[in-house]
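Take a look at the structure set out below.
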Amino acid sequence: MGEVIEIGSTPITSRGASVAPTPPISTPPSQYHSPSLSRSPLLSSIDHIQPANASKTPLSSTLKTLTPNIRTPRFLTPLGSPLIRALHLTKLDPQDAWLPITESRNGNAYYAAFHTLCSGIGIQALILPVAFTILGWTWGIINLTVAFIWQLYTLYILVQLHESTETGMRYSRYLQLCTATFGEKLAKWLALFPIMYLSGGTCVALIIIGGSTSKMFFNIVCGGTCSAQPPTTVEWYLIFTSAAVLLSQLPNLNSIAGVSLIGAITALAYCTLIWVISVAKGTLPGISYNPVKGNTEIIRIFDVLNALGIIAFAFRGHNLILEIQATMPSDEKHPSRVPMWKGVKVAYAFVAASLFPLAIGGYWAYGQKIPKEGGMLTALYAYHGRDTSQFLLGLTSLFVIINAVSSFQIYGMPMFDDMESKVIQRTKKPCPWWLRAIFRAMFGYGCFFVAVAIPFLGSLAGLIGGIALPVTLAYPCFMWLKVKKPKMYSPMWWLNWVLGVSGMALSGVLIAAGIYVIIDTGIEVSFFKPH
């Protein structure tokens, strides 16, 4: 571990009163010296671990043992740093070393970029041109740009709020930060469902996309020459789910960094292939760029709001940012927010390089003829399936499948973490490997059941975008106001209040618009009948 440096030069007077010992949690001795625990988050909850001989151990020795990686110059007193002050009141929780998100804290800026890019770009980008058919060129580009800058700012807020120098706390999960900011009851009402949907619901959508694309890939490769009976759509869903469940047995978030890298590369590859092929083939004959307008004014308004929901849905992944940052080591001199923000900036430079050409190029190539179901991927096969190389079509499909199975891992990790935390809280022991495997298989095949039962989930993109929007655009602004307490009426105060209130208002009208559009236009409801 290296030499332990004294925290301060001023001696600490031990208290005279004895403290009744608390039975220690049965954790493996090796965990206390592992890299994951030595840089675990500092907690200030009732679950603090108090050594059994606390009454006999001087406070200075306890601080040395619990904070082996914090090196502070000898001339600083314990009161010289807010973080060191917090250490007098906080202790490390070994249970975090048993959970998938915080089990390993050896991440870096590269890992952060891989995870952020894999979660920030994907199938949701393919339907962006659908929003342009309603908004038109000017307002489509303006709204996409504003949404990109807005969500990048809230990403910055979350990265900065991950660790508090005042309390010594690392908020390793989005819901933890919500709870600490808004209170437990309000956090559950406001954030629990959107966060759970962004994890579980996204995994369901990935099974639908991955299974359907696998069927397309088989047809392209087979080319009508195979004599064997091809699998049905449900069987393709099952094949995809089984591959995702098998890959989900990787233990923690850091262990899937390579998977996220592959997912990020394939996402960039198929987004680029789709818009390049579409633009190279030129515009379709007889297309129009005039915005689609409903018969009445109210329908036109709700259509516009539904388009804004599609754009908002394209920028998801904020519910994973704190979890990704939790995989990094952090100390007083090297806080995790520095490498995390570097990784985020690199990742979102690639996100911008994919989303904007995809939306603009796709709308230019297909105009109002862009299919609402599947967006650019469906358009590529529908309009250019015969005049495009089968190799390029097959490669695009393969990239979509690989990205979907890779993204499943990072979006499923918060659910794995939540299920295992329930066991650890009860048993005070790490989750056995066999139980971990059962949990992940149950989650994967549970998503498979929902995908088969509700195959029209993709038709609800606008509505879902409105429900999940506060997690991305509103809550971080209110968190900043509550935690940082900027001076009233200062520029930062106004900025966060305006963005936060605007985000909540936009979420409300988007939900209403999504419901109205579904009722007015209808969707093809086909329970247990995937196409």
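Note: Cβ is positioned from N, Cα and C throughout, glycine not excepted.
Unlike curated entries, TrEMBL annotations are predicted automatically.
TrEMBL assigns the feature transmembrane segment to one of the listed ranges (303-324, 391-412), namely 391-412. Here the transmembrane segment (109-131) lies next to the transmembrane segment (391-412) in space: the count of CB pairs under 8 Å, restricted to residues six or more apart, reaches at least 3. When Cβ-Cβ distances under 8 Å to the transmembrane segment (346-366) are tallied for each of 137-159, 189-209, 257-278, 391-412, 433-454, the top count falls to 257-278.
Against the transmembrane segment (189-209), stretch 391-412 shows more Cβ pairs under 8 Å than any other of 257-278, 391-412, 433-454.
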